[in-house]
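Step one of this worksheet: look at the structure below.
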Amino acid sequence: MASISNFTNTLPLHIRRFRPSGYSSSLCTLSSSLAEDVDPKPPIPKPNSYFPKRGQTLELVCESLAFKGKGLCKIPETGFVVLCDRALPGEHFIGRVTRKKGNYAEVTKVKTITPPRDIVDAPCVYSPYCGGCKTQNLSYEAQLRAKEEQVRDLLIHVGRFSRELVQLHGIMKSIVPCDIQFHYRNKMEFSFGPQRWLPRESLHERRVDDAGNENENFALGLHAPGFFDKILNVDKCLLQSHPANKVLAAIQECWRDPQLGFSPYNVHSHMGFLKHLMLRTGSDVTTGQPEVMVNFVTSSYKPELLKYLVDKVSAFPEVVSVMNNVNTSVGNTSVGEEEYTLYGKSNIRETLRGLTFQISANSFFQTNTYQAEVLYKLIEDCAGVKGDGSEIVLDLFCGTGTIGLTLARRVRHVYGYEVVPQAITDACLNAKINGIQNATFIQGDLNKIDENFGKNFPKPDIVISDPNRPGMHMKLIKFLLNLKAPRIVYVSCNPATCARDLDFLCHDVAEQNIKGCYKLISLQPVDMFPHTPHIECVCLLELQ
């Protein structure tokens, strides 16, 4: 089994952003990514052979999965860490070194000698090339074990919680699996492109019709891993809903027809009309039947040009909304400067924890509705709301208010903060839809708080913090330590930054003038996205 000291070397730069300058050299050794800003003791000289060279071939065995689902290996003679994309635990293979980064190197798999443990047949034909769900060919039980191991090791070696505390005292719970492993995503975004990306063995499949037209080579699909300009054509995605796949297939069937006059956007020349296709699935709150929103993102507003596609997709009874976001910028975003309703209504709805949420084309909503029910129930349990309407809840990084609103009816008041203005608008609308009047949502950047933050709300009994992948800024961590709310429920989509922030909240760090004042009561990993490397964690902290 690979040690976490090897794994933490692979963590991204943003995790180390607030790592204090005086951490011990042992932690520096654990992770160059977490402690690049530290001045470690001079390294012990290694022989030249310790560092593999670019282009060198190595015989390796994958020991575990690391950051972004890459296979973690070690050079047998030296223990030097090597990462390989799409290598799975137990796989014995030949890899070629592509680059060396600090204390680890990356290799490309050349040949498999012995297949990995727990290997299964991936049901998706695109899985060898698509970066969306890299571990489809690993049994789901093995995926869960790998994710749980990652969280445990990060909690011990980055969060500085003892192994005895984590394992023997049961602070970390067993990961919660997802009962639905396919067709669980309620939102998918596909991109248009002038040239479909093909793997090397399929290059002969490029087609030109009798008139010399190359439209058949146009792409609508997902970006090839690591490329912003290469698109793998996808006719069906096993992660999105069945109704959404029917819409995708209908569009793929016709949009390349030269007579329709569609041109896919070229990210190099900045020419072309069709940029993205976004498909969102909700449910009718009365019947429970699926509702689909189709959102065409284009470089200009030409409704007459889109009419054929609008008529085509609106023929499906599940399609209740067709939107057009117009994005004239050269960037790759799907959010438009202007938005038009081409068919039906401008939003769809979804039910979560007994509440109804309105979802617009660009609003945030948990992308796995089924597992979000599980996640939010865990958050409610951790919050430990008395239910007598006496408590104040501070909901940080509240998004569209989903977590805070699920608690609102049992507390005195919810105060939510979020940086995205549209999310705050949606949160207020969601409160109105559900008849909730004891929730206040404020737009503000929690990475830029000052000494006035906290004066606009009473001291909370419960803090909910659900930051994005970089975790919490040091200013916010210090605010929470000074605030001393009785309970904090930390919801994280990145176990590495979660472990770092838990360290700050629970332990003393003299170099940052931090005195941790919380005790970690429990950490519950949740698998929100099967077949991907992503892991959600719900952590309960209580004031010591």
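All residue numbers here begin at 1 and follow the chain in the order shown.
For all residues, glycine too, the Cβ spot is worked out from N, Cα and C.
Remember, predicted model here, so these are calculated numbers, not experimental data.
Residues or ranges marked as active site, nucleophile by TrEMBL: Cys493. Annotated S-adenosyl-L-methionine binding site per TrEMBL: Gln366, Phe397, Glu418, Asp466, in sequence order. TrEMBL lists 51-111 with the feature domain 'TRAM'.
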For the recorded S-adenosyl-L-methionine site, enumerate neighbouring residues of the same chain (Cβ within 8 Å of the Cβ centroid of Gln366, Phe397, Glu418, Asp466, site residues themselves excluded), in sequence order.
Phe364, Asp395, Cys398, Gly399, Thr400, Thr402, Ile403, Pro467, Asn468, Val491
Calculate the distance in Å between the alpha carbons (Cα) of the residue listed as 'active site, nucleophile' and Glu418 (S-adenosyl-L-methionine binding site), and round it to a whole number.
17
Under DSSP, the domain 'TRAM' (51-111) has how many residues in helix, strand and coil?
3 helix, 35 strand, 23 coil
Compute the average pLDDT of the predicted model within the domain 'TRAM' (51-111).
91
Given that the record lists Gln366, Phe397, Glu418, Asp466 as binding S-adenosyl-L-methionine, what is the largest C-alpha to C-alpha distance among them, in Å?
16
Between the binding-site residues Glu418, Asp466, whose Cβ has more other Cβ atoms within 10 Å than any of the rest?
Glu418
I need the least crowded one of these recorded positions (Gln366, Phe397, Cys493), counting other C-beta atoms within 10 angstroms of each C-beta.
Cys493
